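Features as listed in TrEMBL:
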- 132, 136, 139: [4Fe-4S] cluster binding site (BINDING)
- 118-341: domain 'Radical SAM core' (DOMAIN)
- 344: N6-(pyridoxal phosphate)lysine (MOD_RES)
Ligand SMILES: *Cc1c(COP(=O)(O)O)cnc(C)c1O
Ligand code: SF4
(Lines of atoms letter the chains of each structure in order from A and count residues from 1; the text may use other names and numbers.)
(Lines give C-alpha, C1' and ligand atoms only; values in the text may rest on other atoms or scores of the structure.)
(Ligands and ions follow the chains in the order given, each with its own letter.)
Protein backbone atom coordinates (compact mmCIF):
# COMPACT_ATOMS: atom_id res chain seq x y z
CA UNK A 1 0.00 0.00 0.00
CA UNK A 2 1.47 3.34 -0.97
CA UNK A 3 1.12 6.67 0.66
CA UNK A 4 -0.49 8.85 -1.93
CA UNK A 5 1.21 11.86 -3.35
CA UNK A 6 -0.41 14.55 -5.43
CA UNK A 7 1.58 13.38 -8.44
CA UNK A 8 -0.23 10.04 -8.67
CA UNK A 9 -0.28 10.20 -12.43
CA UNK A 10 3.33 11.04 -13.08
CA UNK A 11 4.02 7.46 -14.16
CA UNK A 12 2.04 8.01 -17.32
CA UNK A 13 4.04 11.11 -18.08
CA UNK A 14 1.07 13.05 -19.39
CA UNK A 15 -0.45 14.53 -16.29
CA UNK A 16 1.69 16.81 -14.22
CA UNK A 17 0.82 17.97 -10.74
CA UNK A 18 -0.91 21.32 -10.96
CA UNK A 19 -0.17 24.17 -8.63
CA UNK A 20 -3.76 25.28 -8.31
CA UNK A 21 -6.23 22.43 -8.02
CA UNK A 22 -9.55 22.99 -9.78
CA UNK A 23 -12.55 23.28 -7.44
CA UNK A 24 -13.60 19.75 -8.29
CA UNK A 25 -10.24 18.47 -7.06
CA UNK A 26 -10.89 19.38 -3.44
CA UNK A 27 -10.67 15.70 -2.64
CA UNK A 28 -6.95 15.87 -3.29
CA UNK A 29 -6.60 18.36 -0.45
CA UNK A 30 -8.46 15.88 1.73
CA UNK A 31 -5.95 13.19 0.80
CA UNK A 32 -3.13 15.56 1.74
CA UNK A 33 -4.78 16.54 5.02
CA UNK A 34 -5.41 12.94 6.11
CA UNK A 35 -3.91 11.68 9.37
CA UNK A 36 -0.66 9.83 8.81
CA UNK A 37 0.56 9.68 12.38
CA UNK A 38 -0.87 7.85 15.36
CA UNK A 39 0.10 10.74 17.55
CA UNK A 40 -1.90 13.31 15.57
CA UNK A 41 -4.92 11.02 15.33
CA UNK A 42 -4.87 10.39 19.09
CA UNK A 43 -4.64 14.08 19.87
CA UNK A 44 -7.57 14.76 17.57
CA UNK A 45 -9.64 12.00 19.21
CA UNK A 46 -8.59 13.01 22.73
CA UNK A 47 -7.06 9.61 23.37
CA UNK A 48 -3.89 9.14 25.43
CA UNK A 49 -1.31 8.05 22.88
CA UNK A 50 0.21 5.67 25.45
CA UNK A 51 -3.00 3.64 25.35
CA UNK A 52 -2.48 2.77 21.71
CA UNK A 53 1.25 3.27 21.20
CA UNK A 54 1.78 -0.48 21.22
CA UNK A 55 0.40 -0.47 17.69
CA UNK A 56 3.25 1.62 16.38
CA UNK A 57 5.47 -1.28 15.15
CA UNK A 58 2.60 -2.44 12.92
CA UNK A 59 2.80 0.82 10.97
CA UNK A 60 6.27 0.02 9.66
CA UNK A 61 5.14 -2.08 6.72
CA UNK A 62 1.58 -0.68 6.57
CA UNK A 63 1.41 2.97 7.64
CA UNK A 64 -1.53 4.66 9.26
CA UNK A 65 -3.70 6.62 6.83
CA UNK A 66 -7.06 8.08 7.94
CA UNK A 67 -8.92 10.92 6.19
CA UNK A 68 -10.26 13.65 8.46
CA UNK A 69 -13.78 13.17 7.09
CA UNK A 70 -13.71 9.61 8.47
CA UNK A 71 -12.05 10.53 11.76
CA UNK A 72 -14.77 13.16 12.30
CA UNK A 73 -17.33 10.35 12.50
CA UNK A 74 -15.55 8.67 15.41
CA UNK A 75 -16.48 9.22 19.05
CA UNK A 76 -13.79 11.28 20.81
CA UNK A 77 -12.35 9.54 23.85
CA UNK A 78 -13.53 6.08 22.77
CA UNK A 79 -10.58 3.80 21.99
CA UNK A 80 -12.95 1.03 20.90
CA UNK A 81 -14.98 3.14 18.48
CA UNK A 82 -15.97 0.80 15.60
CA UNK A 83 -14.64 3.18 12.94
CA UNK A 84 -11.38 3.71 14.78
CA UNK A 85 -10.84 -0.04 15.20
CA UNK A 86 -10.79 -0.47 11.41
CA UNK A 87 -7.82 1.86 11.03
CA UNK A 88 -5.99 1.78 14.37
CA UNK A 89 -2.70 -0.15 14.18
CA UNK A 90 -2.53 -2.89 16.80
CA UNK A 91 0.30 -4.93 18.25
CA UNK A 92 -1.75 -8.00 17.38
CA UNK A 93 -0.93 -7.39 13.72
CA UNK A 94 2.66 -8.41 14.32
CA UNK A 95 1.70 -11.82 15.79
CA UNK A 96 1.98 -14.63 13.24
CA UNK A 97 -1.11 -16.86 13.21
CA UNK A 98 -1.30 -20.22 11.49
CA UNK A 99 -3.40 -20.15 8.34
CA UNK A 100 -3.07 -16.39 7.89
CA UNK A 101 -0.81 -15.68 4.91
CA UNK A 102 0.40 -12.90 2.63
CA UNK A 103 -1.47 -14.31 -0.42
CA UNK A 104 -4.81 -15.30 1.15
CA UNK A 105 -7.07 -15.41 -1.89
CA UNK A 106 -4.83 -16.71 -4.68
CA UNK A 107 -4.27 -13.37 -6.38
CA UNK A 108 -0.86 -14.38 -7.71
CA UNK A 109 -2.24 -17.53 -9.35
CA UNK A 110 -5.09 -15.58 -10.98
CA UNK A 111 -2.85 -13.01 -12.69
CA UNK A 112 -3.38 -13.01 -16.49
CA UNK A 113 -0.90 -10.25 -17.22
CA UNK A 114 0.65 -7.94 -14.63
CA UNK A 115 -2.17 -5.80 -13.23
CA UNK A 116 -5.00 -8.00 -14.58
CA UNK A 117 -6.61 -10.78 -12.52
CA UNK A 118 -9.28 -13.21 -13.62
CA UNK A 119 -10.91 -15.64 -11.25
CA UNK A 120 -14.47 -15.80 -12.53
CA UNK A 121 -16.15 -16.29 -15.89
CA UNK A 122 -16.88 -13.12 -17.82
CA UNK A 123 -15.29 -10.76 -15.31
CA UNK A 124 -11.70 -9.54 -15.13
CA UNK A 125 -10.21 -7.22 -12.53
CA UNK A 126 -7.66 -4.49 -13.12
CA UNK A 127 -5.30 -3.51 -10.32
CA UNK A 128 -5.11 0.15 -11.30
CA UNK A 129 -3.13 1.53 -8.36
CA UNK A 130 -1.85 0.57 -4.94
CA UNK A 131 -3.07 3.78 -3.35
CA UNK A 132 -6.15 4.00 -1.12
CA UNK A 133 -8.01 6.77 0.69
CA UNK A 134 -7.71 4.85 3.97
CA UNK A 135 -5.59 2.03 5.30
CA UNK A 136 -7.89 -0.69 6.65
CA UNK A 137 -5.93 -2.85 9.03
CA UNK A 138 -7.73 -6.02 7.88
CA UNK A 139 -7.08 -5.37 4.17
CA UNK A 140 -6.72 -8.64 2.23
CA UNK A 141 -4.30 -6.95 -0.15
CA UNK A 142 -2.13 -5.39 2.55
CA UNK A 143 0.79 -7.52 1.36
CA UNK A 144 0.00 -7.32 -2.36
CA UNK A 145 3.10 -6.53 -4.45
CA UNK A 146 1.71 -3.35 -5.99
CA UNK A 147 5.21 -2.41 -7.08
CA UNK A 148 4.94 -5.17 -9.70
CA UNK A 149 1.68 -3.81 -11.14
CA UNK A 150 1.86 -1.47 -14.11
CA UNK A 151 0.88 2.16 -13.49
CA UNK A 152 -0.47 4.57 -16.04
CA UNK A 153 -2.06 4.26 -19.45
CA UNK A 154 0.99 3.12 -21.36
CA UNK A 155 1.84 0.48 -18.81
CA UNK A 156 -1.75 -0.82 -18.89
CA UNK A 157 -1.54 -1.62 -22.62
CA UNK A 158 -0.77 -5.36 -22.14
CA UNK A 159 -3.77 -5.70 -19.81
CA UNK A 160 -5.96 -3.81 -22.28
CA UNK A 161 -4.70 -6.02 -25.12
CA UNK A 162 -5.56 -9.15 -23.11
CA UNK A 163 -9.07 -7.78 -22.51
CA UNK A 164 -9.49 -6.97 -26.22
CA UNK A 165 -8.47 -10.50 -27.21
CA UNK A 166 -10.84 -12.37 -24.92
CA UNK A 167 -14.42 -12.07 -26.17
CA UNK A 168 -15.75 -13.89 -23.08
CA UNK A 169 -14.98 -10.87 -20.88
CA UNK A 170 -18.18 -8.85 -20.46
CA UNK A 171 -17.28 -6.90 -17.36
CA UNK A 172 -14.17 -5.09 -16.17
CA UNK A 173 -13.72 -4.36 -12.49
CA UNK A 174 -11.49 -1.44 -11.59
CA UNK A 175 -9.86 -2.24 -8.29
CA UNK A 176 -6.57 -1.71 -6.53
CA UNK A 177 -5.88 -0.18 -4.07
CA UNK A 178 -8.67 2.22 -4.83
CA UNK A 179 -9.17 3.24 -8.47
CA UNK A 180 -10.76 6.54 -7.48
CA UNK A 181 -7.43 7.78 -6.11
CA UNK A 182 -6.57 8.19 -9.81
CA UNK A 183 -7.45 11.44 -11.56
CA UNK A 184 -10.61 11.76 -13.62
CA UNK A 185 -8.74 12.48 -16.89
CA UNK A 186 -6.82 9.21 -16.47
CA UNK A 187 -9.97 7.29 -15.55
CA UNK A 188 -11.82 8.77 -18.52
CA UNK A 189 -9.06 7.63 -20.86
CA UNK A 190 -8.94 4.20 -19.26
CA UNK A 191 -12.70 3.68 -19.54
CA UNK A 192 -12.53 4.85 -23.15
CA UNK A 193 -9.83 2.27 -23.92
CA UNK A 194 -11.77 -0.51 -22.21
CA UNK A 195 -14.90 0.46 -24.17
CA UNK A 196 -13.02 -0.10 -27.43
CA UNK A 197 -13.34 -3.85 -26.80
CA UNK A 198 -16.86 -4.30 -28.14
CA UNK A 199 -17.56 -7.43 -26.05
CA UNK A 200 -17.15 -5.52 -22.77
CA UNK A 201 -20.56 -4.34 -21.53
CA UNK A 202 -20.08 -3.30 -17.94
CA UNK A 203 -17.56 -1.28 -15.95
CA UNK A 204 -17.58 -1.92 -12.23
CA UNK A 205 -15.75 0.39 -9.81
CA UNK A 206 -14.76 -1.07 -6.46
CA UNK A 207 -14.04 1.86 -4.18
CA UNK A 208 -14.13 3.12 -0.63
CA UNK A 209 -13.65 6.76 -1.62
CA UNK A 210 -17.30 7.92 -1.52
CA UNK A 211 -17.36 6.69 2.10
CA UNK A 212 -13.97 8.08 3.12
CA UNK A 213 -13.83 11.37 1.18
CA UNK A 214 -17.33 12.05 -0.18
CA UNK A 215 -16.17 15.13 -2.12
CA UNK A 216 -14.52 12.64 -4.49
CA UNK A 217 -17.96 12.30 -6.08
CA UNK A 218 -17.57 15.45 -8.19
CA UNK A 219 -18.77 16.61 -11.60
CA UNK A 220 -15.74 15.22 -13.41
CA UNK A 221 -16.26 11.75 -11.98
CA UNK A 222 -19.96 11.76 -12.84
CA UNK A 223 -19.15 12.98 -16.35
CA UNK A 224 -16.84 10.14 -17.41
CA UNK A 225 -18.86 7.52 -15.55
CA UNK A 226 -22.02 8.41 -17.43
CA UNK A 227 -20.60 9.32 -20.83
CA UNK A 228 -19.03 5.92 -21.51
CA UNK A 229 -20.87 3.32 -23.60
CA UNK A 230 -20.20 0.87 -20.76
CA UNK A 231 -22.87 0.36 -18.12
CA UNK A 232 -21.34 1.62 -14.87
CA UNK A 233 -21.79 -0.08 -11.49
CA UNK A 234 -20.25 1.06 -8.25
CA UNK A 235 -19.52 -1.20 -5.30
CA UNK A 236 -18.65 0.75 -2.16
CA UNK A 237 -17.34 -0.63 1.11
CA UNK A 238 -18.94 0.38 4.41
CA UNK A 239 -18.79 -1.70 7.56
CA UNK A 240 -20.75 0.31 10.10
CA UNK A 241 -23.77 2.65 9.95
CA UNK A 242 -21.77 5.49 11.55
CA UNK A 243 -19.73 5.67 8.33
CA UNK A 244 -22.78 6.86 6.42
CA UNK A 245 -23.06 10.48 7.55
CA UNK A 246 -25.04 13.13 5.70
CA UNK A 247 -22.01 14.07 3.59
CA UNK A 248 -21.67 10.46 2.42
CA UNK A 249 -25.42 10.19 1.83
CA UNK A 250 -25.28 13.27 -0.41
CA UNK A 251 -22.39 11.85 -2.44
CA UNK A 252 -24.13 8.51 -2.89
CA UNK A 253 -27.32 10.35 -3.81
CA UNK A 254 -25.51 12.15 -6.62
CA UNK A 255 -24.28 8.85 -8.03
CA UNK A 256 -27.77 7.37 -7.80
CA UNK A 257 -29.29 10.43 -9.50
CA UNK A 258 -26.77 9.97 -12.31
CA UNK A 259 -28.13 6.46 -12.81
CA UNK A 260 -25.22 4.49 -11.36
CA UNK A 261 -26.39 1.31 -9.59
CA UNK A 262 -24.84 1.24 -6.11
CA UNK A 263 -24.01 -1.83 -4.03
CA UNK A 264 -22.11 -2.30 -0.81
CA UNK A 265 -19.78 -4.90 0.52
CA UNK A 266 -19.00 -5.31 4.19
CA UNK A 267 -16.32 -7.32 5.94
CA UNK A 268 -17.50 -9.09 9.09
CA UNK A 269 -15.07 -7.78 11.72
CA UNK A 270 -14.71 -8.59 15.38
CA UNK A 271 -15.22 -5.51 17.54
CA UNK A 272 -16.59 -3.51 14.60
CA UNK A 273 -19.81 -5.04 13.30
CA UNK A 274 -20.07 -8.55 14.78
CA UNK A 275 -23.63 -8.16 16.01
CA UNK A 276 -26.94 -8.33 14.21
CA UNK A 277 -28.25 -4.97 15.46
CA UNK A 278 -25.31 -3.11 13.90
CA UNK A 279 -25.60 -4.89 10.57
CA UNK A 280 -29.39 -4.44 10.47
CA UNK A 281 -28.90 -0.71 11.03
CA UNK A 282 -26.21 -0.71 8.34
CA UNK A 283 -28.52 -2.31 5.78
CA UNK A 284 -31.30 0.16 6.59
CA UNK A 285 -28.98 3.13 6.39
CA UNK A 286 -27.47 1.88 3.12
CA UNK A 287 -30.92 1.62 1.58
CA UNK A 288 -31.76 5.13 2.76
CA UNK A 289 -28.55 6.18 0.95
CA UNK A 290 -29.78 4.33 -2.19
CA UNK A 291 -27.26 1.52 -1.88
CA UNK A 292 -28.17 -2.19 -1.97
CA UNK A 293 -26.38 -4.55 0.42
CA UNK A 294 -24.40 -7.02 -1.73
CA UNK A 295 -21.85 -9.14 0.12
CA UNK A 296 -21.00 -9.72 3.78
CA UNK A 297 -17.50 -11.15 3.59
CA UNK A 298 -16.01 -13.64 5.96
CA UNK A 299 -12.57 -12.17 6.69
CA UNK A 300 -9.87 -13.21 4.23
CA UNK A 301 -7.13 -14.92 6.19
CA UNK A 302 -4.43 -12.34 5.62
CA UNK A 303 -1.37 -12.21 7.85
CA UNK A 304 -1.79 -9.53 10.51
CA UNK A 305 -5.59 -9.58 10.65
CA UNK A 306 -6.36 -12.69 12.72
CA UNK A 307 -7.68 -10.61 15.62
CA UNK A 308 -10.52 -9.38 13.38
CA UNK A 309 -11.84 -12.87 12.63
CA UNK A 310 -15.41 -13.77 13.58
CA UNK A 311 -16.18 -17.50 13.78
CA UNK A 312 -18.49 -18.78 11.03
CA UNK A 313 -20.97 -20.12 13.57
CA UNK A 314 -21.39 -16.62 14.96
CA UNK A 315 -21.60 -15.16 11.47
CA UNK A 316 -24.36 -17.62 10.59
CA UNK A 317 -26.31 -16.64 13.69
CA UNK A 318 -25.97 -12.95 12.87
CA UNK A 319 -27.21 -13.48 9.32
CA UNK A 320 -30.14 -15.60 10.57
CA UNK A 321 -31.17 -12.77 12.89
CA UNK A 322 -30.85 -10.28 10.02
CA UNK A 323 -33.02 -12.50 7.82
CA UNK A 324 -35.75 -12.66 10.45
CA UNK A 325 -35.75 -8.87 10.86
CA UNK A 326 -35.31 -7.43 7.36
CA UNK A 327 -36.87 -7.75 3.92
CA UNK A 328 -34.90 -10.23 1.85
CA UNK A 329 -33.37 -7.53 -0.35
CA UNK A 330 -31.67 -5.93 2.66
CA UNK A 331 -29.88 -9.13 3.69
CA UNK A 332 -26.43 -9.32 2.06
CA UNK A 333 -25.09 -12.68 0.89
CA UNK A 334 -22.66 -14.01 3.48
CA UNK A 335 -19.68 -15.20 1.43
CA UNK A 336 -16.10 -16.26 1.62
CA UNK A 337 -13.42 -16.36 -1.03
CA UNK A 338 -11.68 -19.67 -1.59
CA UNK A 339 -8.64 -19.59 -3.87
CA UNK A 340 -9.37 -21.56 -7.05
CA UNK A 341 -13.20 -21.50 -6.76
CA UNK A 342 -15.28 -20.37 -9.76
CA UNK A 343 -17.25 -17.82 -7.70
CA UNK A 344 -17.39 -16.42 -4.20
CA UNK A 345 -18.64 -19.24 -1.96
CA UNK A 346 -22.04 -18.59 -0.41
CA UNK A 347 -22.11 -19.41 3.29
CA UNK A 348 -25.66 -18.14 3.79
C1 LIG B 1 -14.66 -10.83 -6.01
C2 LIG B 1 -14.06 -10.80 -7.34
C3 LIG B 1 -14.83 -10.52 -8.48
C4 LIG B 1 -16.29 -10.17 -8.40
O5 LIG B 1 -17.11 -11.24 -8.05
P6 LIG B 1 -18.67 -11.00 -8.07
O7 LIG B 1 -19.24 -12.21 -7.44
O8 LIG B 1 -19.07 -10.83 -9.50
O9 LIG B 1 -18.94 -9.75 -7.30
C10 LIG B 1 -14.23 -10.54 -9.72
N11 LIG B 1 -12.92 -10.81 -9.86
C12 LIG B 1 -12.14 -11.07 -8.80
C13 LIG B 1 -10.70 -11.37 -9.02
C14 LIG B 1 -12.68 -11.06 -7.50
O15 LIG B 1 -11.89 -11.30 -6.47
S1 SF4 C 1 -9.89 0.58 0.89
FE2 SF4 C 1 -9.96 -1.59 0.28
S3 SF4 C 1 -7.98 -1.98 -0.74
FE4 SF4 C 1 -7.78 -0.04 0.42
S5 SF4 C 1 -6.94 -0.63 2.43
FE6 SF4 C 1 -9.18 -0.61 2.64
S7 SF4 C 1 -9.82 -2.74 2.21
FE8 SF4 C 1 -7.71 -2.48 1.42
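Here the Cβ of each residue, glycine as well, is placed from N, Cα and C on the backbone.
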Residue pair residue 132 ([4Fe-4S] cluster binding site), residue 344 (N6-(pyridoxal phosphate)lysine) - Cα distance, angstrom, rounded: 24
Residue 344 (N6-(pyridoxal phosphate)lysine) and residue 139 ([4Fe-4S] cluster binding site), distance between Cα atoms, whole Å: 17
Where the C-beta lies under 6 angstroms from ligand 1, the matching recorded positions among 132, 136, 139, 344: 344
Integer Å distance between the CA atoms belonging to residue 344 (N6-(pyridoxal phosphate)lysine) and residue 136 ([4Fe-4S] cluster binding site): 21
Integer average pLDDT (0 to 100) for the domain 'Radical SAM core' (118-341): 97
Proximal but sequence-remote residues of the same chain as residue 344 (N6-(pyridoxal phosphate)lysine) (Cβ under 8 Å, at least 6 apart): 295, 333, 335, 336, 337
Around the Cβ of residue 136 ([4Fe-4S] cluster binding site), the count of other Cβ atoms that are within 10 Å: 22
Fewest other C-beta atoms within 10 angstroms, as judged across 132, 139, which are the binding-site residues: 139
